[in-house]
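To keep things clear, I will list the structure first and then write my remarks on it.
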């Protein structure tokens with residue numbers, strides 16, 4: 001496995017690459033969810049590139065940038081064992097300059113749900129993903145469905161900026177008890193982790209209601225909020241694949257989303273129906 005930190009060096013290294021490139025951008029603290037992305041990339045491409053970059057521009061003031069889990073050596077070993085060809089490990093000053101050009105998230109889709117409570121978050125996400133895609137120039141880039149709003153906005157960016165990359169969505173990986181894997185799970189105390197299971201339980205209950213023929217969003221959301229109590233709920237929402245709120249679930253075109261906090265730890269989860 002080759003490790004590169006300089007963006008220009010990586011661009012030069014890949015400049016004449018004829019093999020198909022699969023790319024997985026991460027912020028490190030890799031887990032089974034990231035491994036699933038790597039495996040999918042290896043199935044579909046001849047060369048796999050993983051980036052590890054804790055992007056400061058997607059964190060708001062007072063958020064967990066400084067305490068975000070850092071496991072650099074473990075991450076290197078995971079990538080090596082998974083057969084990653086290139087690990088891109090850039091520094092902040094290699095990605096961002098003093099006179100920075102940034103992307104702005106769409107006025108509607110980028111500022112609802114997670115974007116409402118974190119108003120500049122998706123500006124930072126889109127900017128760094130755009131930079132990374134321009135450096136690596138992959139055929140395909142891989143993102144988890146757990147971060148559904150992020151996935152939607154990145155797909156929209158790629159489409160509207162006429163970028164030649166396929167965005168591949170990979171199913172959420174869960175613990176045996178249903179908790180969606182997240183690097184932030186490391187923050188949870190044992191008691192908080194037990195409480196966090198209410199998130200997956202609420203989504204299973206919503207799915208069961210739909211299977212019984214209950215499609216009314218208001219009824220489903222009310223039931224989910226009851227299950228989630230007393231968690232600190234940022235939002236429970238039912239949207240279509242364009243992230244417009246739905247009054248009724250549309251099978252094949254719906255995402256049910258939850259964001260809730262336990263202490264200072266925010267957890268996201270969703271189900272695609």
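Backbone N, Cα and C atoms are what each Cβ position is placed from, and that goes for glycine too.
Here is what Swiss-Prot records for this protein:
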type	residues	note
BINDING	27-34, 144-147, 173, 181-184	ATP binding site
ACT_SITE	34	active site, proton donor
BINDING	58, 150	(R)-pantoate binding site
BINDING	58	beta-alanine binding site
Surrounding CB atoms that lie within 10 Å of the CB of residue 33 (ATP binding site), all protein chains: 20
C-beta crowding around residue 173 (ATP binding site), within 10 angstroms: 18
Rounded Cα-Cα span from residue 150 ((R)-pantoate binding site) to residue 30 (ATP binding site), Å: 18
Closest of 34, 58, 150 to residue 173 (ATP binding site), Cα positions, recorded positions only: 34
Shortest C-alpha distance to residue 58 ((R)-pantoate binding site) - which of the recorded positions 27, 33, 34, 145, 183: 27
Number of Cβ atoms other than its own within 10 Å, given for residue 30 (ATP binding site): 24
Other C-beta atoms that fall within 10 angstroms of the C-beta of residue 145 (ATP binding site): 17
Residue 27 (ATP binding site) versus residue 150 ((R)-pantoate binding site) - Cα distance in angstrom: 14
